[in-house]
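Trainee: Got a structure here, written out as structure tokens. Questions coming.
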Amino acid sequence: MKLIPKSTLHYVAYLTFCHTLSIHVNKFILSVLRFTYPTVFQGWQTFVAVIIMRILMFENLSAVVCLKSFCSHLPLFLSFVGAIVAGSKALSYLPIPIIVAVSNLLPALNHILTTCRSDATNYFLFSNSILCVVSVLAIFFSDHNLSSFSVAALWLYTHLLFGASQDIFNNEDTSTRFSSFDKLFYCNLFSVVVLAPSSLYLEEAFEALHFQERSQLSFLFGCVLSGVSGTLGSVLSLHSASESLNVNAISKVLLCLFSPMILPCSLSYFTWLLIYIILITSCFIPHSATEVMDCSRPKQLEHV
């Protein structure tokens, strides 16, 4: 069964479904069930990702064959781990629409910096990126969850910092040996190797054994569902970068439209206005070249 969508509309539908399912299940487990053990939770999700991606790749996965290759990608791996752990903590405190909207700050800044270094300037796209950044800053200063240096705000800032470093190291990697899919696989594999012993050292693994909801069907089913949907969403996001439209951004607009009906949150009308300004302007921000999946492997595309 081929999972690659045949049209842009199918891409939008698949991505919207995967992203909506993944982030809302994560929010349910982290906030409603109050499973506050990020090393255990993210370790599980990355473990599921490794299994699924290994099945999808079969023999097409590029191997890290030397210490030099591993060390050159180590900053990317560490940034990935930091981003997912900090993002998990931020999600446990903050409403989903804010997390989704603020995450567009990085591609907007990247486009602004790229445009400033370029001779040819598309003023419409440049203005969209500026408006996106200004709207994100307005949320930082206006929303009560982020206006002060609360725990939620610090985790979100940490998530953005690691995300920015991840983009930088990814952009600096000019090697053609590894596709974006390869990098995503090894980032998840490295996360499993790091988070498994970390959960034991921090004693989160032992504390999770006493989690009162662990035997309930909703918790167990949610853990499986979040891992599978999150992995499929990440894989589709990589390949969707080859589409002419920014279908990943469009799916986030639809996600935030559905979000209040799934998990209601109390946000002011002004905050909602800023959120949709960010989401709509982000739809016009061009893809980063590093986000495009290597399409030179027929079997890879057939099974993803």
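Cβ coordinates are placed from backbone N, Cα and C, and glycine is handled just like the others.
It should be emphasised that the depicted structure is a prediction, and the values quoted were computed from it without experimental measurement.
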Trainee: Ranges 70-87, 286-303: which does TrEMBL label transmembrane segment?
Mentor: 70-87
Trainee: Scan 39-58, 239-258 against TrEMBL and say which stretch is down as transmembrane segment.
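Mentor: In TrEMBL, residues 39-58 carry the label transmembrane segment.
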Trainee: Transmembrane segment per TrEMBL: which of the ranges 146-164, 260-278 is that?
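Mentor: Within the set 146-164, 260-278, TrEMBL attaches transmembrane segment to 146-164.
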Trainee: Do at least three CB pairs under 8 A connect the transmembrane segment (217-238) and the transmembrane segment (146-164), leaving out pairs fewer than 6 apart in sequence?
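Mentor: Between the transmembrane segment (146-164) and the transmembrane segment (217-238), contact is absent.
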Trainee: Kindly say whether the transmembrane segment (93-113) and the transmembrane segment (39-58) touch, using the definition of 3 or more Cβ pairs under 8 Å where each pair is 6 or more positions apart.
Mentor: no
Trainee: Considering only the recorded stretches 120-140, 184-202, 217-238, state which has the highest number of Cβ pairs under 8 Å to the transmembrane segment (39-58).
Mentor: 184-202
Trainee: Establish whether the number of Cβ pairs under 8 Å between the transmembrane segment (217-238) and the transmembrane segment (70-87) reaches at least three, counting only pairs separated by 6 or more residues.
Mentor: no
Trainee: Give the nonlocal contacts of the transmembrane segment (12-33) in its own chain as ranges (CB under 8 Å, at least six residues past its ends).
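Mentor: Distant Cβ neighbours of the transmembrane segment (12-33) are 5, 41, 88, 91-93, 96, 99-100, 213, 218-219, 222-223, 225-226, 229-230, 232-233, 236-237, 240, 247-248, 250-252, 254-255, 258-259, 262-263.
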